[in-house]
Structures are given as structure tokens and as C-alpha cells.
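Worksheet: one structure, shown below.
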Amino acid sequence: MTARRPTRFAKGELNVYRAPRDVTDVTRALRSTGRRVVLVPTMGALHEGHLTLIRAAKRVQGAVVVVSIFVNPLQFGAGEDLDAYPRTLDDDLAALRAEGVEIAFTPTVGDMYPYGTRTSVHPGPLGDDLEGASRPGHFAGVLTVVCKLLHIVRPDRAFFGEKDYQQLVLIRQMVTDLNIDTRIVGVPTVREADGLALSSRNRYLDEVEREQAGALSAALLAGMYAASNGAAATLDAARAVLDEVPAIEVDYLQVRDPMLGPVPHEGAARLLVAARLGQTRLLDNIAVDIGASDGIDGHPRVGSPDHQLPWRN
């Protein structure tokens with residue numbers, strides 16, 4: 001039986017691997033030289049939001065950044081067109097080269113699930129709430145693929161955007177509950193000039209819908225300003241903005257604690273919205289401070305002279 005050749009890695013270049021074993025071998029070798037392996041999981045169709053995650057990952061001292069590009073079929077449910085999801089691998093790899101990324105992991109479905117989908121990670125009760133109520137099985141698919149990526153790459157840290165906030169909370173829950181030795185880093189949402197959260201789905205909006213979509217971020221800001229008056233006032237203010245755009249079909253608008261438990265009487269919380277505009281489903285969220293005259297952890301409250309808005313509408 002012949003020995004397996006070491007997988008090639010060229011420092012300072014973009015190295016593209018499809019086989020999970022190749023990525024495992026290369027990252028293990030890099031760790032042995034003192035490099036810190038960090039992971040940015042994506043489904044491709046890269047935009048400025050993804051690039052912001054990559055830049056945050058590159059700031060880790062001694063980091064070698066692994067970006068995975070994999071359209072995961074497990075997280076698509078009935079009525080969600082997996083085949084229609086944008087696949088722009090050549091453009092994505094060009095963007096990674098421009099950012100100085102050294103490893104791209106681009107497996108096929110067969111590479112990731114060679115024995116089918118016989119084992120999965122169950123997200124628990126939170127997986128059936130909020131997004132999970134509208135997309136049964138979605139978070140089991142997300143956690144399964146993220147768990148596999150963390151075991152394949154063995155990163156010191158993995159970076160995820162706060163736009164998909166429930167996903168971020170569930171991944172942190174999984175890493176804690178399954179004793180996975182990776183630090184999960186949340187990165188603030190990247191937005192367009194009018195506040196719309198960057199998303200691969202935004203390309204499906206027509207010109208009129210794109211203008212209307214700005215109401216989601218406007219609603220979040222209205223809720224954030226009203227939060228000193230309590231959770232009900234937060235929701236009322238946000239809902240009033242959304243009601244001005246009848247084309248927006250709201251799925252949910254809720255205030256929860258930062259771990260998505262019941263809303264606190266006072267203190268740090270999260271305002272979350274999901275809505276459909278035409279054929280496009282949009283998500284957004286923002287941190288709010290419920291019912292307190294001072295800001296969270298001593299920061300100025302929204303509306304105070306010292307407060308800086310996260311974006312302008």
C-alpha cells in the first residue's frame with residue numbers, strides 16, 4: 001500500500017481544495033508551524049458582508065484564513081429552490097484572491113455527505129422558533145454542516161455575521177453543548193447606505209422592491225429609539241413603520257433577550273424581523289436596550305447627544 005502524498009500548500013497564494021481530507025491535512029500541518037487557523041463559512045455568491053467577515057478573520061494574529069464555499073442542501077426546505085441559489089464560484093475565488101485568502105474549501109455534496117444524510121445535529125427547541133417555525137429542519141441542516149466544517153478544519157475561531165442572528169446563537173449553543181474547541185465570533189451586520197442588510201437574496205429584488213426594502217432597517221431604528229419605553233413600545237414603533245409599506249408581508253417581529261429567550265423587563269435585548277417582499281424573504285435585527293434610562297454597559301442611550309446611529313435611513 002503506497003503512502004498518501006502530502007497535500008500541497010503554497011504560502012501567500014489561494015489554495016483551493018475540494019476534498020475534506022486535504023483541508024484537514026493542510027490545516028493540521030499549518031497549526032504545527034504555529035499558524036492560527038480561522039474559518040469563514042459561506043455558501044458563495046460573495047458580497048461585501050462576506051468580505052467584512054474575511055477581513056475580521058485576517059486580523060487575528062498569525063491567522064491563515066479558510067473560506068468554505070458550499071451550498072448546503074440540508075438547510076433548504078420544501079418550496080425553497082436549492083437549484084436557483086446563486087453559484088458564482090469563479091467570481092468568488094477571484095474575490096478571495098484579492099483579499100489575500102490562502103485556503104478555499106469548495107466541496108461537492110458528495111464530498112460533504114459521502115454516506116448520505118444519515119446523521120444530523122438537532123438544534124433543540126430554539127430551532128423550531130422564529131425562523132425555524134417558517135423553515136422546518138433549516139437549523140438542523142445549518143448546524144450539521146457547521147459541525148462538519150468545524151471538525152474538518154479544526155479552526156481556532158470561526159466568524160459569522162450577526163444578520164442571521166438566530167443562526168449565530170444556535171451555533172454558539174452547539175459549540176458549547178458539544179464541547180467543540182472553537183471560538184465563535186459574531187461580526188456586525190454590513191449594510192447598504194439606506195440601511196438594508198447585505199444579503200445574497202437582495203439580487204432578487206426589483207427596483208421598486210429594493211426601495212421598499214429600506215423600511216426594514218427604518219423599522220428597527222424606530223424600535224431602537226422607542227426601547228426606553230419598554231418592549232411593547234419597541235414593537236409598536238417598528239410595526240408602525242412597516243405598516244406604511246403594504247407590500248411588506250411580515251412573518252414575525254419580536255423582541256427577545258440576547259440568547260433569544262423571553263424578552264427582559266429591562267436591559268439588553270434583540271429586535272428581530274422577517275418579512276417577504278415579492279418573492280424574496282428578508283431578515284434583519286438590531287440590539288436594543290429595554291426600559292433603562294442609561295445605555296447598555298454605560299454606553300449612551302439612543303437619542304442622546306453622544307449616541308452614533310449605526311446607519312442612516
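Using N, Cα and C of the backbone, Cβ positions are placed for all residues, glycine too.
Taken from Swiss-Prot as is:
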{"type": "BINDING", "residues": "43-50, 161-164, Val190, 198-201", "note": "ATP binding site"}
{"type": "ACT_SITE", "residues": "His50", "note": "active site, proton donor"}
{"type": "BINDING", "residues": "Gln75", "note": "beta-alanine binding site"}
{"type": "BINDING", "residues": "Gln75, Gln167", "note": "(R)-pantoate binding site"}
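Shown here: features listed in Swiss-Prot, placed on the structure.
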| residue | record | Cβ neighbours (10 Å) |
| --- | --- | --- |
| Met43 | ATP binding site | 18 |
| Leu46 | ATP binding site | 24 |
| Gly49 | ATP binding site | 19 |
| His50 | active site, proton donor | 26 |
| Gln75 | beta-alanine binding site | 21 |
| Glu162 | ATP binding site | 18 |
| Gln167 | (R)-pantoate binding site | 21 |
| Val190 | ATP binding site | 19 |
| Ser200 | ATP binding site | 17 |
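In space, His50 is the closest of the recorded positions His50, Gln75, Gln167 to Val190 (ATP binding site), judged by Cα positions. Nearest in space to Gln167 ((R)-pantoate binding site), taking C-alpha to C-alpha distance over the binding-site residues Met43, Leu46, Gln75, Ser200, is Gln75. Distance between Cα atoms for His50 (active site, proton donor) and Gln75 (beta-alanine binding site): 19 Å, as a whole number.
Ranking the binding-site residues Leu46, Gly49, Ser200 by the distance of their Cα atoms from the Cα of Gln75 (beta-alanine binding site) places Ser200 first. Reduced to three states, the DSSP call for Ser200 (ATP binding site) is helix. In the three-state DSSP scheme, Gln167 ((R)-pantoate binding site) is classed as helix. For the recorded site, Met43 (ATP binding site), the DSSP three-state label reads coil.
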